[in-house]
Amino acid sequence: MASGGGSVASLWTEVNRCGQNGDFTRALKALNKILHEVKDDVTALHCKIVCLVQNGSFKEALNVMNSHSKVLGSDVVFEKAYCEYRLNRVESALKTIEGASEQTDKLKELYGQVLYRLERYDECKAVYTDLIRNSQDEYEEERKTNLAAVVAAMSQWEQASPDSLGLPESTYELCYNAACTLIGQGQLTEALNKLRQAEEVCRVSLADDSDVTEEDIESELAVIHSQMAYIMQLQGRTEEALQLYNQVIKLKPSDVGLLAVTANNIITINKDQNVFDSKKKVKLTNADGVEYKLAKKQLQAIEFNKALLAMYTNQADQCRKLSSNLQSQNPGHPRPVLIQVAQLCREKQHSKAIELLQQFSDQHPESASGIKLTMAQLYLTQGHVTKACDILRSIEDFKHKPGMVSALVTMYSHEEDIDSAIDIFSQAIQHYQSKQPGSATHLALVREAANFKLKYGRKKEAISDLEQLWKQNPSDIHTLAQLISAYSLVDTDKAKSLSKHLPSPDTMSFNVDVDELENSHGANYVRKKAAKVTGENLPKEQGQGEIKKKRKKKKGKLPKNFDPKVAPDLERWLPMRERSYYRGKKKGKKKEQIGKGTQGATAGAAAELGKALRCPFVALPMNPRWKSPAGEQRKQLMLFWPK
């Protein structure tokens with residue numbers, strides 16, 4: 001036993017020396033010998049776990065902890081959570097941390113990282129704010145960088161506008177994260193300037209290190225350049241953006257997340273063109289470990305773009321498979337359904353596409369507005385204008401918007417359904433009368449309704465609208481004239497009484513010198529005064545001068561289908577609509593005129609309908625820079641190393 005005890009003591013000496021030198025592989029061999037002698041030595045087990053973690057053998061370290069859980073107890077909570085985190089078992093790491101009896105500083109540090117990976121940004125922000133406030137060590141800069149990353153992520157992925165925390169911008173990582181926050185807030189020009197500042201700070205800070213090569217600097221700048229390209233793409237500078245993206249790809253950075261986002265954005269620029277290049281780039285989005293590097297919204301957008309690329313490359317089965325998977329993962333998201341509908345439309349299966357849209361609209365009423373717009377577009381392409389109108393009228397969110405009113409009135413007019421068009425105007429006017437009486441939109445709708453009714457001979461119905469407009473603005477002579485014109489066919493006495501409000505001819509006359517106006521520069525017509533006839537200018541008699549040749553009158557041309565035996569149409573000079581035998585146009589003709597809008601109407605609804613079947617590719621920003629304090633965590637692990 002004495003010799004065994006001496007052997008164990010010498011082994012501990014070896015373990016301590018190897019630990020100080022960082023030779024954890026040799027230390028691990030010595031620890032295994034110790035555990036062979038003393039099977040359940042808590043210190044030896046703890047040191048073995050530390051060695052395995054330092055060597056990156058996280059799974060083996062976790063197995064040791066699980067198999068000796070009774071002996072180790074709660075002494076290795078941090079190590080267990082850290083191994084689970086590094087093995088991407090983030091939910092398990094969270095449970096381990098939350099189940100700890102004491103929340104130490106090192107556990108809080110790891111807790112913040114776990115919350116960031118789980119995209120629970122509000123809680124993560126609170127953790128890092130507390131750590132910065134209560135910690136005083138050399139890792140303050142890393143914590144501030146991570147707090148800036150949390151704020152940027154909230155801005156980019158949650159469209160939140162967090163309060164300014166007064167974080168410094170002394171490092172390029174902090175500058176970069178500040179730029180990410182500005183991108184999320186839509187301040188693209190300011191974000192681009194901030195990224196240029198980050199690039200300059202990065203070059204200066206790395207230039208002082210003699211061991212850093214130019215290639216290393218360019219590799220470090222790759223994420224900044226990719227984010228710059230994203231801003232340029234949003235600004236419409238696609239050529240410059242594409243050039244920067246390709247520069248990043250050529251560097252072949254080790255960050256698979258950076259490569260995936262850059263490749264995705266190149267695909268969004270290519271769209272349905274240059275599909276061969278897009279098919280090569282899409283492979284970069286499938287690299288191992290991408291799912292652990294990107295946010296959920298980034299991964300979702302990449303999958304959407306893959307499905308669209310499959311559709312544009314005529315891979316119908318692949319498109320259906322990808323969109324079905326997306327729908328199962330995101331059952332309430334409309335984009336997977338729209339991709340399936342677009343694919344069905346390419347295959348001329350419009351009825352099936354409408355059925356699919358109707359089914360989704362019934363199951364997810366919160367997303368029904370956009371889906372119903374697509375249904376209306378499909379009905380219009382098939383010539384079912386009335387059905388399209390019924391669908392549009394069922395959209396409560398857009399029902400009374402001027403653009404929707406314009407589209408509906410245009411379509412009903414095309415179908416010769418004037419009563420329904422007037423009903424649309426009446427409902428919209430009543431809505432704004434109760435919600436926003438006297439607003440610009442309300443009065444504009446009233447005026448359009450009056451003009452529409454006058455156009456189609458509904459002067460009695462137009463009178464109330466015109467009276468309402470005139471009461472709002474009694475000095476509006478044009479409206480008053482329209483009102484008098486309408487009353488002249490209905491109530492002549494009322495028309496005469498209203499005509500008294502018209503301005504007198506004296507007030508409408510102007511003191512204008514007509515001769516001076518006619519002789520002014522730029523007059524189109526000048527009245528010439530008759531010249532006096534003198535003896536020299538007397539007209540010559542017919543025999544004295546040249547006899548003017550008489551021009552022969554040309555015979556009028558007759559129509560090609562002229563038949564002298566048939567009497568000409570006596571109403572041929574009247575417009576077709578005013579002829580006695582006019583019965584209206586047949587429905588279904590001139591479908592291409594739908595969507596041109598009524599006079600004075602906005603193009604909003606037409607634009608919405610036009611976009612309905614388009615499924616655009618989605619470009620993505622880069623993630624904020626996160627400085628994982630692995631050095632500090634490993635230092636914390638070494639605290640358990642025997643002296």
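Cβ atoms are placed via backbone N, Cα and C, with glycine included.
The compositional bias 'Basic residues' annotation in TrEMBL covers 548-558.
Taken from TrEMBL, the feature domain 'Signal recognition particle SRP72 subunit RNA-binding' covers 527-584.
As annotated by TrEMBL, region 'Disordered' applies to 531-566.
If you look up TrEMBL, you'll see 222-255 marked as repeat 'TPR'. If one looks beyond the repeat 'TPR' (222-255) by at least 6 residues along the same chain, the residues whose Cβ comes under 8 Å of a Cβ in the stretch are 172, 176, 179-180, 183, 188, 191-192, 195-196, 198-199, 202, 261-263, 265-266, 268-269, 281, 284, 293, 619-622, 625.
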For a three-state summary based on DSSP, what are the helix, strand and coil counts in the repeat 'TPR' (222-255)? 27 helix, 0 strand, 7 coil
Model confidence over the domain 'Signal recognition particle SRP72 subunit RNA-binding' (527-584), as mean pLDDT, sits at 64
